[in-house]
Amino acid sequence: MVNRPFLFVSTFLHALLFSAMALPFPAAAAIGPLGESPGIVRTVPGENQSEVAPTTPIIVEFTKQIDPRTLTEETFQVEGAEGVIYYDPETKSAIWTPIAPLAPSKQYQVDVTNEIADLEGRHLPFSYHWTFSTRSTEGAPLDIRQTTPPENASHVSVETPISVTFNKPIEPASLRPDSIVVFDEEKVKGVIAYEPVTQTVTFLPLLPLGYRERYTVILKEGIEDRDGNPLLTAESWSFTTEGPPTPLSQIHP
């Protein structure tokens, strides 16, 4: 009789432990091992990697899901450069993309601080820093292959788009809204588009150009190819548009 309460309690605890072990842990499956701080699996580029393309995104892969709200310009940064941060939950990776191509032949340091936390609020146990170097800009310089309309063209249609074709692909991130400026007495309003297949940047006026007007186009410096080679000097050229169409009343049968 004395052993029965102990046997009952022991059996009850065993059953309780068994049923607890059988319960699923959806939270653990979603955010990684419970109770563990997040860690870093790998970085791209790696420590001391060289010959990195100036447009390469910087990637940090973590051991478990990270709270995206803790990824900021202060907690994930590349010294001396500006970029935007994106978090990919499928790969548990934070991705920093430069707003403009990085400088060639330069060493950069990446800082990932221990303010970054997982979904449980557990922080990285330490801050992590590493360096990499971008490649040089050796190779063919970026140059203009063709302009449309060409220099001093006349009788140009007022509907003609204005374009510049380069000798190699350019980095779209290096284009600015004012990379191409068109004006006569006033600046022409328009938008810029890039076609990578033909390596052509096109200025599309929002309204048709005026008749019998002389327009000047300025292509500003700062545009770069995918290796970071810049267009070193601004270019400009002019053209003249066509006259107005002849009224129907003046057309003789």
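From the backbone N, Cα and C atoms, a Cβ is placed for every residue, glycine too.
Residues or ranges marked as domain 'SbsA Ig-like' by TrEMBL: 37-134, 141-241. Sequence annotations record features per position, and here TrEMBL assigns signal peptide to 1-29.
Confidence in the domain 'SbsA Ig-like' (141-241), given as mean pLDDT, stands at 92. With DSSP classes pooled into helix, strand and coil, the tally for the domain 'SbsA Ig-like' (37-134) is 3 helix, 46 strand, 49 coil.
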